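Novice: Checked Swiss-Prot, it gives:
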BINDING   Trp52, Tyr144, Lys274, Gly307, Arg391  substrate binding site
BINDING   Gly112, Ser113, Asp245, Pro308, Thr309  pyridoxal 5'-phosphate binding site
MOD_RES   Lys274  N6-(pyridoxal phosphate)lysine
Amino acid sequence: MSQSDTIFDYKHIWHPYSSMNNPHPCYTVISAKGVYLKLKNRKYMIDGMSSWWAAIHGYNHPVLNKALKKQIRKMSHVMFGGITHPPAISLCRKLISLTPEKLDCVFLSDSGSVAIEVAIKMLIQYWQALGQKRKLFLTIRNGYHGDTFSAMSVSDPKNSFHQIYHNLLPKHLFADAPVSSFYKNWDNEDILSFKKIIEKNSFKIAGVILEPIVQGVGGMNFYHPMYLKQIKILCNHYSIPVIFDEIATGFGRTGKMFAFEHANVVPDILCLGKSITGGTITLAATLTSRHIADTISKGKVGCFMHGPTYMGNPLACAVANANIKILKTNQWKIQVLNIEKQLFKSLMPLINHPYVTDVRVLGAIGVVECSRSINMISIQKFFVENGVWIRPFKKLIYIVPPYIISPHTLKKLTNVISNALNKTELFI
């Protein structure tokens, strides 16, 4: 890669959450293997982010690569309208087998945000088919569900990612976020805000949507499983369907295959993405019950009105099948448990640091919440120079490493975080 390529990128390519007038530096990765990203200067970085939660088995995994190569010899893509193919059928079988018995209808899409859009549209059509024009959704503060319009509308409007669009988005209902954390005692007052809203608006609410147990970039909070149980009880009482957004947490990240298993509850609609293909290629899925699917199909329109061009892409489905095969045959639960134990041991002592207000660990997720805002450019440079890739935001330094990371390599990640806290110039 030449210097002119770098200059071209700087001038013409818009990266996520970046300015074209004053873009943050981008670091050129030329290859990746295992937990390592190789830079153009031939140096290596330990990936602490799994490419935004996705690469759970690391990079260049032979089983995933083999699945891609085998499929591409047959076909890389074919439209899914009026056509089906073995990789999609096999994947949907596996997803139905992995998830609770109730979820037996699968809609495939090409990104997590689209999976959320699909879930929301499903419930709007569901109520239309029942003769009710419900379009209001209830969710909780500090939530994040993606960057497309419907996904933004059910994300916390106080979230700085979406504030600029607030007046343009559909208005929904937001209950207070739970205060009871995952490992602390349950406080029954946590459910009161949600209960009050659902009691007052039950006849208008099309559905409830939330991230089970782990709230992602809305604040990286881990809330008590009892909150999820109480929500499901209330929703069942008022016959309001529940959407669980497991796009970030699905496929083992919290120590369970799906985060909702911590509460022993089942959603009416489940959204999956990110690590569904082991971080190899983009794919997402929205699963729902036969009842919801049949109700939509019996409505005035007679079908569900959605169909992405790359829906059910054979390459993506093939590698997703391989990813699930790995999860069924390897020791991912032990891997995640070992990561969790080490993160507790390495990160929890940082709670005594003057720049730290909280430390949170669950499964293969570690979060250090700082008392001061982070200087993104400075801290990113510090991390890269120290051989790790960590992408903080706001006041949060968090890691979600690949499950295959070794104890020695994970220790380096956490040591660099600890060292960063001692650099005052990295904070604002």
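Note: Cβ is positioned from N, Cα and C throughout, glycine not excepted.
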Novice: Quick check: of the binding-site residues listed here (Trp52, Gly307, Arg391), which one has the Cα closest to that of Gly112 (pyridoxal 5'-phosphate binding site)?
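Specialist: Going through Trp52, Gly307, Arg391 one by one, the Cα closest to that of Gly112 (pyridoxal 5'-phosphate binding site) is Trp52.
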Novice: For Asp245 (pyridoxal 5'-phosphate binding site), which of the three DSSP-derived states applies: helix, strand, or coil?
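Specialist: In three-state terms, Asp245 (pyridoxal 5'-phosphate binding site) counts as strand.
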Novice: Give me the count of other Cβ atoms within 10 A of the Cβ belonging to Gly307 (substrate binding site).
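Specialist: The Cβ of Gly307 (substrate binding site) has 13 Cβ neighbours within 10 Å.
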Novice: Take the C-alpha atoms of Trp52 (substrate binding site) and Pro308 (pyridoxal 5'-phosphate binding site) and report the distance between them in angstrom, rounded.
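Specialist: Distance between the two Cα atoms comes out at 23 Å.
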Novice: Pop the Cα-Cα gap between Ser113 (pyridoxal 5'-phosphate binding site) and Arg391 (substrate binding site) into the table, whole Å please.
Specialist: 20
Novice: Between the binding-site residues Trp52, Tyr144, whose Cβ has more other Cβ atoms within 10 Å than any of the rest?
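Specialist: The most densely surrounded of these binding-site residues is Tyr144.
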Novice: Just counting, how many other CB atoms are there within 10 A of the CB of Lys274 (substrate binding site)?
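Specialist: For Lys274 (substrate binding site), the 10 Å Cβ neighbour count is 27.
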Novice: Would you mind checking how many other C-beta atoms are within 10 angstroms of the C-beta on Pro308 (pyridoxal 5'-phosphate binding site)?
Specialist: 17
Novice: Just to verify a number: CA distance, Asp245 (pyridoxal 5'-phosphate binding site) to Lys274 (substrate binding site), in angstrom, no decimals.
Specialist: 12
Novice: Of all the Cα pairs drawn from Trp52, Tyr144, Lys274, Gly307, Arg391, the residues the record ties to substrate, which distance is largest, in Å?
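Specialist: Taking every pair among Trp52, Tyr144, Lys274, Gly307, Arg391, the longest Cα gap is 33 Å.
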Novice: Tell me which of the binding-site residues Ser113, Thr309 sits in the most Cβ-dense spot, judged by other Cβ atoms within 10 Å.
Specialist: Ser113
Novice: Roughly how wide, in whole Å, is the group Gly112, Ser113, Asp245, Pro308, Thr309 that binds pyridoxal 5'-phosphate, by largest Cα to Cα distance?
Specialist: 23
Novice: Among the binding-site residues listed here (Gly112, Asp245, Arg391), identify the one with the smallest other-Cβ count within 10 Å.
Specialist: Arg391
